[in-house]
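As given in TrEMBL:
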- 528-651: domain 'STAS' (DOMAIN)
- 1-25: region 'Disordered' (REGION)
- 148-165: transmembrane segment (TRANSMEM)
- 177-198: transmembrane segment (TRANSMEM)
- 210-228: transmembrane segment (TRANSMEM)
- 258-279: transmembrane segment (TRANSMEM)
- 286-307: transmembrane segment (TRANSMEM)
- 346-368: transmembrane segment (TRANSMEM)
- 380-398: transmembrane segment (TRANSMEM)
- 418-436: transmembrane segment (TRANSMEM)
- 443-465: transmembrane segment (TRANSMEM)
- 477-500: transmembrane segment (TRANSMEM)
Amino acid sequence: MPRTVSDGGEGFDDIASRSSSHRRMDSIQHGHSYKVGFPPKKSLFAEFSDAVKETFFADDPLREYKDLPKSKKIWLGLQHVFPVLGWSRDYTLGKFKGDLIAGLTIASLCIPQDIGYSKLANLPPQVGLYSSFVPPLIYAVMGSSRDIAIGPVAVVSLLLGTLLQNEIDPKTHPLEYSRLAFTATFFAGITQAALGFFRLGFIIEFLSHAAIIGFMAGAAVTIALQQLKGFLGIANFTKKTDIVSVMKSVWGNVHHGWNWQTILIGASLLAFLLVAKYIGKKKKKLFWVSAIAPLISVIVSTFFVYITRADKHGVSIVKNIKKGINPPSASLIYFTGPYLATGFKIGAVAGMIGLTEAIAIGRTFAALKDYQIDGNKEMVALGTMNIVGSMTSCYVATGSFSRSAVNYMAGCETAVSNVVMSTVVMLTLLLITPLFKYTPNAILSSIIISAVLGLIDYQSAYLIWKVDKLDFLACLGAFFGVVFSSVEYGLLIAVAISLFKILLQVTRPRTALLGNLPRTTIYRNVEQYPDAAKVPGVLIVRVDSAIYFTNSNYVKERILRWLRDEEEQQQDQKLSKIEFLIVELSPVIDIDTSGIHALEELLKALEKRKIQLVLANPGPAVIQKLRAAKFTDLIGEDKIFLTVGDAVKKFAPKVVDNV
């Protein structure tokens, strides 16, 4: 609609808006002000359905299905489960070129990593390769991220290796150990898929960002320490993961257990990997240098060991990697017996960690390319691929940050890059696994060490320290828990501190004393705004949280403490007595019966002191519940105001007149 312009160049809409604003100002100046509104009463069913919708369907997933024919709805439903049906229609040769280059690049990185990570999980080396063949294919069909690269990761491998060997010795009972690993993978998938299907993804948010930073850093240190066995050529190494036990094992073997040939291979190639990584970070166009460095290291070290027969001089080698693609393993999963519960417990923990890492990675790269991923859809995709993986001799796979970063920098366009990587891994399993026979374990240790160093995010830790000391405590607790105890205890500490922080914030919400900003009707925290002046005879307190049974008594006591402190200060300075207590409720999004009871007790305590209680700006949920509990009748609707300014204007008009 074209805008009509007056002779002065001002639109009628502007004039109307300005005159409306003037009318509002005039009404306020002449004593007319808005009152607190009461929202229409909802039925019990409406309240319940709204609560369920906001909890489980906050993104309104059915909005795109409205007013569509049935055939279109079915097609959209299939696209929701299998996103490949959507993006494949616009797939071009140009996109395939980007995906092909990216897939080949991450394949060169994943093959040596997979062999190393499987050893970290105490599983045969081919199982690591299996886990980069089947799961990426499933994810490519069901996943919504364009950049995430799927496969085994260091943290989950260590977690599985630690928890599984506590139940079964992988050396004496390798078959039973593998069966338990497949069982844990199955239940990891079930856990992930169930969280997505029932839209319970918010559960993983209970592990705070700070706790994850600390946990990942601690896991990186632990993983690196575990690699000293292969790096130094130690035959008898501790099964414990804490730093004290590992260092005792390392120094206990210093005279007879270390192998200088192994150290030479490991140290020289670790230096090469770190230099390649530095070049890749320094010059983004040379990312491929760090990506192919692990494969080059494996080829060079394998050739060196073969021609020198260093394996005859104490250099530990991979030996045989079973040739062929994934054999079926559904019959090996423990669906009954004593290991069923154990597999479920380990799988649930591993699944949650894998889910947290994958969702974080997916969101990071989606933000870089300005698209969105559906968290619940991702969970279903990750869960399905691990369920299928458990039946095809794979262990828990998830999104790998290092591979995803390479995938992104290599110019991937879609999840087809995962298909390309998977194809290369399949060809490796079918054709060239015998060539890895003389690969020294030292180079696998070096590859893992160089990979996990990226998990130590000291910059984020420093930022956490500057921003929130309690968050930093969670970060530190998780880090030391992993390093000095074990991965599972570190994870437990991370979750415990995160929950403690939530409980602390819920049970001890912030309150603030408000004052008037000079020459305005605005009231703000006196600590944040030192110029804000307190109103004589009036105490204004703001509650910065919902008032529930967990904090209602504290809120009441804290308000009374503000009152006592103010009364003592006024007695010392011989100021006017406080006659009104205004409680600013705008940040209070909800209140329960315990909260209302606390307000009733506060009202009684104030009446004994001959102080009137006034409420300002209660929200719709709060005012509705106050009216239902008849608290509005108890306090009087004339004591409930839209703003603090309106309340002060009524009970301290001289202050308003001076503005």
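The backbone N, Cα and C atoms fix where each Cβ goes, glycine too.
Within its own chain, the transmembrane segment (418-436) has Cβ neighbours under 8 Å at 99-100, 102-104, 106-107, 110-111, 114-115, 125-126, 129-130, 132-134, 136-137, 139-140, 149-151, 298, 302, 318, 320-325, counting only residues six or more beyond its boundaries. When each of the listed stretches 148-165, 286-307, 443-465 is scored by C-beta pairs under 8 angstroms to the transmembrane segment (210-228), 443-465 comes out highest. Below 8 A, the CB atoms of the transmembrane segment (286-307) and the transmembrane segment (258-279) form 3+ pairs separated by six or more positions in the chain. Here the transmembrane segment (177-198) sits apart from the transmembrane segment (258-279); fewer than 3 CB pairs are under 8 Å, leaving out pairs fewer than 6 apart in sequence.
Remote same-chain partners of the transmembrane segment (477-500), defined as residues 6 or more beyond its termini with a Cβ less than 8 Å from a stretch Cβ, comprise 155, 158-159, 162-163, 206-208, 210-215, 217-219, 221-222, 240-244, 349, 353. Long-range Cβ contacts of the transmembrane segment (346-368) within its own chain (Cβ-Cβ under 8 Å, at least 6 residues beyond either end) map to 144-148, 153, 155-156, 159-160, 163-164, 167, 180, 183-192, 195, 201, 204, 207, 212, 375, 378-379, 382-383, 386, 396-401, 404, 408, 488, 491.
Secondary structure of the domain 'STAS' (528-651) per DSSP (helix as H, G, I; strand as E, B; remaining residues coil): 63 helix, 21 strand, 40 coil. For the domain 'STAS' (528-651), the model's pLDDT averages out at 92.
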